[in-house]
C-alpha cells in the first residue's frame with residue numbers, strides 16, 4: 001500500500017487519538033455502568049449513549065483513517081486504514097454524539113420542571129434523535145461513487161500526485177440529494193442543535209436562581225456543575241466541528257480550491273471523542289471521587305525512633321484538597 005510522509009504522520013496521529021478515545025470512553029463506560037449512583041440513572045442513559053457513540057467513532061477512525069478531499073462540489077476519500085467499508089460510519093457517529101450532548105441538556109431542563117423523569121423517557125429521546133444519523137446511513141447507500149482514476153483526478157483538479165498508487169480511492173459529486181443531506185447534517189445541523197442547547201442552559205440557570213427554589217444548596221451546586229460540564233462539552237465542537245465544517249463548505253463553494261486540507265478536516269473531528277470523556281469524568285462528582293480514591297495510595301507509617309508504633313502521628317493525613325473533594329459541600 002502506498003503512503004507518503006504526510007500520510008504516515010496522519011496515520012500516526014489517527015493511531016494515537018483513536019487509541020486514547022477508545023481507552024477514555026471505555027473507562028467512562030465502566031464508571032457509568034458500575035460506579036453511578038441511583039440518582040443519576042436517567043442521566044447515565046445520555047452519558048452512555050454519548051460514550052458508546054464516541055468509542056465506536058474512534059474505532060471506525062482507526063480502521064479507516066479517511067483522508068477527505070473536498071473541492072468544487074466534489075469529494076474524494078482516500079482510505080489509509082484497513083477497511084473502507086466502515087468509511088461512512090464515522091460521520092454517523094460524529095453527528096449522533098453531538099445530538100446526545102444536546103439531549104443531555106434538554107433532559108436536565110425537563111427534569112427540573114417535572115422533578116420526575118423516567119428512564120424509559122431517556123431511552124425514547126435517544127432513539128428518536130438516532131433517526132437523524134440513521135437517515136444519513138440509509139441515504140449514503142444511494143450515493144453514486146466512483147473509483148475511476150481519471151474521474152477522481154478531475155474531481156481534485158489534478159492536484160494530487162500518485163493518486164493512482166493508493167489502494168482505495170472513492171469519489172462522488174455533492175450534487176446529489178443523498179450527499180446534500182449528509183453534508184447538511186454534518187455542517188448546518190449544528191445551528192439548531194446549538195440553539196436548543198443554549199436555550200435550555202438559559203432556562204436551567206434561570207430556574208436555579210429563582211428565590212425559594214425547592215433544591216438545597218448542595219443539590220443546586222451539583223446541578224450547576226453538570227450544566228457547566230455540558231456547556232464545556234458543547235464548546236468543544238467550536239474548536240473541532242465548526243472549523244472542519246467551515247473548511248468543508250469553503251472548499252465546496254469555491255472559496256478555497258486546494259487539497260491541502262485533506263488531513264485537517266477529519267483530524268479536527270476526531271479530537272472530540274478524546275476530550276469529551278475527560279470532561280465528563282471531571283465534572284461528574286462520583287466519577288471524579290472514584291479516580292481520586294483509585295490514585296490515592298495506602299497510608300504508610302513514618303519510621304522514627306522517637307515515636308511508638310501506636311502513635312497517631314505515625315500516619316500521614318490526606319491533603320486538604322482531597323478532604324474538600326470528599327465533602328459534598330465543595331462539589
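FYI, residue positions are counted from 1 along the chain as it appears here.
Every residue, even glycine, has its Cβ placed from backbone N, Cα and C.
Automated prediction, rather than curation, is the source of TrEMBL annotations.
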Transmembrane segment per TrEMBL - which of 12-34, 150-172: 12-34
Which range of 230-249, 290-309 is transmembrane segment, per TrEMBL: 230-249
Listed stretch, out of 46-69, 122-140, 180-200, 230-249, 261-284, that has the most CB pairs under 8 angstroms to the transmembrane segment (12-34): 46-69
Contacting positions for the transmembrane segment (230-249) when only residues 6+ beyond its ends and CB under 8 Å are counted: 68, 70, 94, 98, 101-102, 104-105, 108, 183, 186-187, 190, 194, 197-198, 201, 255-256, 261, 264-266, 268-269, 271-272, 275-276, 279-280, 283
Surrounding residues of the transmembrane segment (46-69) on its own chain - C-beta under 8 Å, 6+ positions past either end: 7, 10-11, 14-15, 17-22, 25-26, 28-29, 32-33, 75-84, 86-87, 89-90, 93-94, 96-97, 100-101, 103-104, 107, 122, 125-126, 155-156, 160, 248, 259, 262-263, 265-266, 270, 272-274, 276-277, 280, 284
